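Pulled from TrEMBL, these are the features on record:
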type     : residues : note
COILED   : 231-329  : coiled coil
COMPBIAS : 70-79    : compositional bias 'Basic residues'
COMPBIAS : 162-171  : compositional bias 'Low complexity'
COMPBIAS : 174-183  : compositional bias 'Polar residues'
REGION   : 16-95    : region 'Disordered'
REGION   : 161-183  : region 'Disordered'
Amino acid sequence: MARSFGIAVHESRFSVIAPPDVDTSDEDDEGWVTRSRGKKDKKPLTLGAGSRTNGASSKPAIVSKTSVKNAKRRAKKKNQQTTMESSSFESWAEKDEAITDKAFEEDMKEALLRSLMDAKREEAEKLKEEEFINSSVTGQEQQSASKKGVKMSLHEFLQSDAASPGAAAGSFLPQDNKTVSEPQLAQVKTDSHFFSNIESEVKSELMKEKKRIDHVSNTGSKKQAGEPVRVAQLLNKLEQKEATIREQTLELEKVQDEMKEVKFRNQVLCKILSKGEFSTKQELLEQIEELTADKTELSQEIERLVSELEQERSKNKSLQIVINKLQQSKH
């Protein structure tokens, strides 16, 4: 809202001022005073001439109870001063915040008023333009009607121009422009509820802005609070995944070793099978050669036997013929 109306956000005048350093002095049980600002330097509380050291013979005087009480009172006074300064700083910060809120409210009111004035001015300008357009249209219509109604020759027109040039020039101007009144800028009517409405709107905007800032800060704190839990969960998941990865790598190594053993066995088996196949092939070839030799021998014997059979058949035929002849001769 503040950005849309171009409002300058006022920063705190005391935002740069830091709370004053606390200069408290505490004392130990033995009378040693320690300063909190800067380095701690311990100095013994001594009184009178006994506190000064003159060579090796001088000795520090014993601290009395009154000096210790005085030191405590001074420390209390300093603590009270620091608390007063811190409380004054807080009051300054509160006053500064109230001043900035007030300035913001005033800027918001001014911006709303300006926006209303601009809207009224734009409406007035639009009305003025519409009236001007309507008047020009009516003037043109009247001119066209007058031109159509009255006809004159060129000679008469020139004579009328020479007689009254101003009137002739004025006749062409729109007559209704004299009667057109420029609308004045609409004045903003201040109602009784106007400023109260503006104040309520400004307060609501301020409340929304504060709620938004609180919400952002709360969400940021929640995120920051939830971040360590989330980190712990993620670390646990990471450890689990790393453990599973280690197990899987071990299994992979085992499988790779088994694969190597299987490959070695396969190589040995392939060699054995190749040797066995070679030996069986040789035996088969030898057997085939033997069988072919047997086949040739058998074929030769068959041929011999066939020839012998034919010879025996021829002998039988010749003997049959001889027997037949002998039988015929006996009869």
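The count begins at 1 with the first shown residue.
Cβ coordinates come from backbone N, Cα and C, glycine included.
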(request) Can you check how the pLDDT averages out over the coiled coil (231-329)? (result) 87
(message) Per DSSP, what is the helix/strand/coil residue tally across the compositional bias 'Basic residues' (70-79)?
(response) 10 helix, 0 strand, 0 coil
